[in-house]
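Structure first, commentary second.
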Amino acid sequence: MDTKVGSVDVVASPNADVGCLPSHGVVSSVQTSTVPISFSEATLGRHLARRLVQIGVSDVFSVPGDFNLTLLDHLIAEPGLNLVGCCNELNAGYAADGYARSRGVGACVVTFTVGGLSVINAIAGAYSENLPVICIVGGPNSNDYGTNRILHHTIGLPDFSQEHRCFQTITCFQAVVNDLEYAHELIDTAVSTALKESKPVYISISCNLPAIPHPTFTHDPVPFSLSPKLSNQMGLQAAIEAAADFLNKSVKPVMVAGPKLRVAKASNAFVELADSCGYPVAVMPSAKGMIPEHHPHFIGTYWGAVSTAFCAEIVESSDAYLFAGPIFNDYSSVGYSLLLKKEKAIILQPDRVIIGNGPTFGCVLMKDFLLGLSKRLKKNTTAYENYHRIYVPEGHPLKSAPKEALRVNVLFQHIQNMLSGDTAVIAETGDSWFNCQKLKLPKGCGYEFQMQYGSIGWSVGATLGYAQAATDKRVIACIGDGSFQVTAQDISTMIRCGQNTIIFLINNGGYTIEVEIHDGPYNVIKNWNYTAFVDAIHNGEGKCWTSKVLCEEELVVAIEKATGEKKDCLCFIEVVVHKDDTSKELLEWGSRVSAANSRPPNPQ
C-alpha cells in the first residue's frame with residue numbers, strides 16, 4: 001500500500017508526492033525560523049536529531065564506535081528519538097530497511113570504515129528496493145583531513161575517501177561533513193534528496209563537530225517543502241489517448257502490478273483503474289502486499305511457471321497486458337521464461353509509459369497516468385470471466401497422521417489462519433518466498449520481502465526494524481535456518497525492545513533454495529539447537545518464549561500459546577521439517593534458474 005513520510009510539507013499541487021524529484025530539480029527549503037534556540041544548544045548533533053524526528057524517524061538503529069559516540073549523545077538527548085543499539089552494523093542497516101518499509105524513511109548510525117563497510121550490504125539492498133534510508137557515519141576528526149596521518153579503522157592509507165567512494169554507487173547523495181560552515185546545507189540536502197529520490201543517502205560527520213554550537217543551527221529546522229514532480233500535461237494526455245485506444249481494442253486485457261508501484265506512490269491509483277475497467281488484477285511476486293488481495297478481480301501472483309494456479313494462463317493468453325512498475329529480472333521471470341510478447345504490453349515505469357512496439361512517453365507520472373486512464377477505458381470483464389470459468393479452488397494438504405513428521409504445507413496452512421489486518425508477514429529469501437506468496441492476505445495485512453537483492457539473513461534485521469515502526473501490527477516472520485545463522489544475534493535487540501513478533505524458524509538442515517538451483521555439500525549447514533540459542537540470548541531478561549515442534553499437534557499447541565498466553569512476548573517457534581520438503585514452486589523455479597545460470601558462452 002502507499003507509504004507516507006511523516007511531517008513533511010509539500011508544495012500544493014494536484015499530484016503532490018513526497019519523495020518525488022521536483023520539476024526544476026532542486027529542493028525548496030526555507031532556512032529561517034521563528035523558534036530560536038539558545039546558542040549552547042545550537043549544535044550540529046541537535047539539528048540532525050531534530051531533522052530526523054521531523055521527517056518521521058522516531059527510532060535510529062546504531063552500533064557505537066569511537067568516531068560516532070559524541071553524535072550518539074546528541075541523538076539520545078532528543079526527546080522524540082529512540083536509539084536502538086544493534087549487535088552489528090549489517091543488522092542495523094537491515095533494520096533501517098525494514099523500518100523504511102513501514103514508516104516511509106529509516107536511519108542508521110555506524111562508525112568510520114569498519115562500520116561503514118559492514119553496513120554497506122544492507123544499504124545496497126535498500127537502494128535496490130527504492131527505500132529512503134539515511135546512513136550516518138561518524139567520521140575522522142576534521143583536523144585530520146588533508147594531512148598525511150594514518151588513522152585506525154582504515155586500511156592503513158592516509159586517504160580517508162575509501163568508504164565515501166564505496167558508497168557512491170549505492171546511494172543517491174553523499175555528504176562528507178568536516179566543516180561546520182557547510183554542515184547545515186549538506187545535511188539538509190542529503191535528507192531531502194533521500195525523500196525525493198526514495199533511495200539511501202550517506203552522511204559522514206567528523207567526530208569533533210556534533211557538540212559544537214554554530215549560528216546556522218540557532219533555529220529549529222523548518223519542515224521541508226519539497227516541490228513535487230509534475231507530469232508533462234501534453235505527454236500525459238497523449239499517453240492516455242494511445243493507451244486507451246490500445247486497450248479498448250483488445251478482447252481480454254489484464255492488469256499486473258509491479259514493485260515500483262511503491263516508489264511511484266501509485267497503489268491507490270492502480271486500484272482505482274482496476275475498479276473502473278473490470279480487468280483481472282494480478283501482482284508480480286515482489287509487489288505482493290501493494291494491492292489489496294480482497295479486491296473482487298484479484299487473481300493472484302503472476303510469476304510465470306510458478307504463478308498462482310490459473311493466473312499465468314489468464315495473463316499469458318491475454319491480447320493486452322498493462323504492467324505497472326515491473327522489474328523483469330532472472331528471478332521474477334523464472335530464468336527468463338515468461339511467455340509475454342512486447343507488442344501486447346503496456347509498460348508503466350514511475351515516470352514513463354511504453355506502449356507495445358510503438359510510442360514511448362516520458363515525463364508522465366504513473367499515478368497521473370493511471371487516474372487519467374481510469375476515465376477513458378471501457379468496462380471489459382472478459383478475461384476475468386474466463387478466469388472465473390476455469391478456476392478450481394485450491395486443495396488442502398493431506399491430513400497428518402497422529403504424530404506424523406510436520407510438513408511445510410501443513411505449517412503454512414496454520415500460518416494462513418493466523419493472518420489478520422493486525423498482522424504483517426516478513427518472508428526471508430529461500431523457500432519462504434514461495435510458501436509466503438501463496439498466503440492470502442486479509443485486508444490491512446502487511447507483507448514484505450527482498451526479492452531484487454535477495455540477501456540471505458535480511459529478514460532478521462528487517463523484522464526488528466519493521467516491528468519497531470509498525471507498532472499496530474504483530475509481525476510474523478518466516479525464516480530458514482541457513483539465513484538465520486547469518487544474522488541471528490539481533491533476536492537480542494528484539495527482546496530488549498519488547499517486541500512481540502512471532503518467528504517461525506524453518507529447520508531443514510541447509511540452504512534449500514540453493515539445493516534446488518545447484519546442489520553440493522556446501523549447501524549443508526551445521527545444525528544448531530535454535531531454541532536453546534534463543535533461550536541463551538534471552539537469559540531471563542525481557543519477554544521471550546520458545547518452542548520446538550516436530551508434528552502438527554505440537555504446532556497447534558505452540559500457535560495457541562503464542563497468540564494467547566504469550567501474546568506479549570517475542571515467540572520463537574523452531575519448526576523441524578525434512579530436508580527435501582519444499583514447495584513445488586521452488587522445484588520448478590530452481591530448475592529454470594539453474595538452466596539460465598548454466599547457459600554456455602555465446603560463440604565468439
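Cβ atoms here come from the backbone N, Cα and C positions, even for glycine.
Per TrEMBL, the features are:
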| type | residues | note |
| --- | --- | --- |
| BINDING | Asp481, Asn508, Gly510 | Mg(2+) binding site |
| DOMAIN | 43-148 | domain 'Thiamine pyrophosphate enzyme N-terminal TPP-binding' |
| DOMAIN | 240-357 | domain 'Thiamine pyrophosphate enzyme central' |
| DOMAIN | 450-574 | domain 'Thiamine pyrophosphate enzyme TPP-binding' |
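Mean pLDDT for the domain 'Thiamine pyrophosphate enzyme central' (240-357) in this predicted model: 97. The Mg(2+) site, placed at the center of the C-beta atoms of Asp481, Asn508, Gly510, has further neighbours from the same chain whose C-beta lies within 8 angstroms: Gly480, Gly482, Ile506, Asn507, Gly509, Tyr511, Thr512, Ile525, Lys579.
There are 22 other CB atoms within 10 A of the CB of Asn508 (Mg(2+) binding site), with all protein chains counted.
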